[in-house]
Amino acid sequence: MNLDVPLHKQTRLGGAGELARFALAALFLAAVILSLITWRLDLLHYNLRAPLNYAGDTLSQLLYVKGLLQDGWTGTITHLSAPFTYPGAAFPLQTSTDWMLMKVMSVFSKDPGLLLNAFWLLTLVMNGWSAAYASWQLRLPAALSLANGVLYAFLPYGLMRNLAHVNLVFYVVPLLCLLAVVIASRGEGVRRPGQAVVAGLAACVLQGFDYVYYSFFAAALFCLAALIGFRGRDLRQLKLPVLAVAVLSICTAINLFPGLQSWKKDGLPPEMSYKLPAEAEVYGVKLRRMILPQVANPVPFLAAWAEKDLNANFPDENENTSARLGIYGALGLLLILVSLLRASRKSAVEQPMRAITGLSLATFLFITVGGLGAVFNLLVSPDIRAYNRFVVFLDFFCIVALSMGFARGLAGLGQGRLNVRTMACGIAAAALVVFSLHDQLLDTVVLTATQRQGEREAAAERQAVATLEHALPPGTALLQLPFFGYPINYHQHEMDSYDHVRPYLWSTSLKWSWPSFSLPHRAWQDTMGELKGKEFVDAAILSGFGAIWIDRKGYADGGEQLLKSLTVDGVRRIDVGHPRYAVLDLAEAAASLRSQLGQAEFARRADLLIGPKVNANWLDGFYAEERRPDGIRFHWSKKHAFMELRNPGDEPMTACIAFDVVAPTGPMRISGKEMQREVAGGMAPQRVSALLHMDPREVRRIDFASQSPPIVAPGDPRSMVFTVMSFDLATMRKGSNPAVACNGQNN
């Protein structure tokens, strides 16, 4: 292949007969895949309006599906994060390609559960289509290409991730792998290189506008492929990899632009600095896990092997357990290793197998525990940390590699020769495909184990929300308790971090206070979290809420003590017919408060709660907020850390910042505009405060620095040097005395 020749002259399309065969093959493959998944999940007896997985991370995925349906896109979701709105663009889960496909599918249904189910099932089919096409381009016979498509459609990784990580669907990955093979082999051994390039570049566009993980690794893979395929000194052979990386990078930049713009305008959302370089060691792939059979495999030896592995209690077993190749893929990996050992023998390995072995080795070295990915995280950025997710690239190479081995044994069939060896090879290939497919499909247990429970929960919660919408005026905002952060996983009693999204999914006009994912919302939530009883109810009313939604699973006593404290004069309970949820109607209490305060005072107090104010964001160097038993909040810090203060308004603001510092091992320095302070070392808290005058839209940085060693904390991997506690940031309002409000201190 030569990029100096126009691509359309290298891209030979088949005639009508070949296109018809392609269409029939695609329909056949879709029918097989859908039949298998329908059988395994018993979809004929399942209400598809209920998500196939209705717990955990699936709820966070449903958040965006619902936002897409209700607001037209996910950039701003108006019915979440009351009394503000949810800045969906600020969370880097921009899967625009997937969302656009869902938007097209939403013409047929506006139900979030049904839409997510249908989309995921469609991606299984698209996995098969792209893998079969890429296999055919790599000169595999049609039968083996179709078999590869079925195997790839049901990778253990995809079944174990399912709807919970629908952002990790991988239907374009085989086309990206195909393009990498074209680059590494310079088109040798590829059936139609020009057509493969067009398909690969189209995949780059689609992937660029999808989740950034695969975009990152595809760019790395193209660079590795260029290194593998580079010969001589002619730089023109780098045109294709440079073009592929450029297309991918430009599309990715466009896709991420709304999020970057949001960060620049409104600041990085709270709790976004939670990734560490060392986590590449935690979430990398493990060879041991990749070749493992399913624990319910019908072959006793294989089942015993998997059971023994399960009981061995190996460390850092997490989402990387989904990076299982399947039996067929594992044998393909073995064949690749053999090919690498034979690589020194002249002409022992031909293209494209030679390119596939090189790309497979490079992929494994990048994504394994202690691999090149960990080096990248250490030296460049820890944002890409779960390298096990790139197993879908390696799995494609492994499946194709083994099929190429079978193709050599079946070569006689194409020439009309049928002998015992050819027949044995064909039977072995068919048997292995069926056996491996069965082993892979066993991982649907991740869904079937909770499927019926989720179906019942979704139906009951739909009914509860429908009852609530009959009882409340349209547009009513509900304050949800208990308060949770986002996006870090939280667990409180029997409640999981994303459970607050459940009622939103089934509502039409109601607004909900979860999640807290902007600096103004987090500041408001922190203020509300300090209030009790009638003060809390009044603040909720002043914040614009018409009701309070309580998830009883978040409390050891089922929320009874909380309900008792909030059921003050004018607050009445609404029975939604669900034992898990309690709802308090604030309408009468709101009318009473308005009458008591008057319109002007009501508006003034509301502005104090939800009006523009200076916000603080804890950034690099600070660890997540913790709370002592006495309720005092604190942050541990590394030697160097900084926070940002942000005036989000269009007018100047004056703010008082005050906090305690404890620097156990030595002195430290705090520096910033209008704030310079030396803090002596010691265990006694030292109060620091300052009065700050901030211009409209000003962003101010405050640096914390220490040259002291970290404390010794056995069992804690963090580098903890000092702690900042009892942090308070108050925006001064007109008529207040800033000096008095800031305790008369301006250090």
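Cβ coordinates come from backbone N, Cα and C, glycine included.
Lifted from TrEMBL, the feature list:
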TRANSMEM  20-39  transmembrane segment
TRANSMEM  114-134  transmembrane segment
TRANSMEM  140-159  transmembrane segment
TRANSMEM  166-184  transmembrane segment
TRANSMEM  211-230  transmembrane segment
TRANSMEM  242-260  transmembrane segment
TRANSMEM  325-343  transmembrane segment
TRANSMEM  355-380  transmembrane segment
TRANSMEM  386-406  transmembrane segment
TRANSMEM  418-437  transmembrane segment
Touch test for the transmembrane segment (20-39) and the transmembrane segment (325-343), at least 3 Cβ pairs under 8 Å: no
Outside the transmembrane segment (355-380), six or more residues from its ends: residues with CB under 8 Å to it: 138, 177, 180-181, 184-185, 188-189, 217, 220-221, 224-225, 228-229, 277, 279-281, 284-287, 316, 333, 336, 339-340, 343, 349, 387-388, 390-391, 393-394, 397-398, 400-401, 404
The transmembrane segment (211-230) and the transmembrane segment (166-184) contact flag, 3+ Cβ pairs under 8 angstroms: yes
Intrachain neighbours beyond the transmembrane segment (166-184), with Cβ under 8 angstroms and 6 or more residues off its ends: 1, 58, 61, 93, 95, 98, 116, 119-120, 123, 126-127, 129-131, 133-135, 137-138, 152, 158, 190, 193, 196-197, 199-204, 206-207, 210-211, 213-214, 218, 221-222, 224-226, 228-229, 240-241, 244, 352, 355-356, 358-359, 389, 392-393, 396-397
Segment-segment contact (the transmembrane segment (325-343); the transmembrane segment (114-134)) at 3 or more Cβ pairs under 8 Å: no
Same-chain residue ranges lying at least 6 outside the transmembrane segment (418-437) that approach it to Cβ under 8 Å: 36, 144, 147, 150-151, 154, 326-329, 331, 403, 406, 409-410, 412
Positions on the same chain near the transmembrane segment (140-159), where near means CB under 8 A and six or more residues out: 25, 28-29, 32-33, 36-37, 124-125, 127-129, 131-133, 169-170, 174, 294, 322-326, 328-329, 389, 391-392, 395-396, 399-400, 403-404, 406-407, 410, 413-414, 429, 433, 436-437, 440-441, 443-444, 446-447
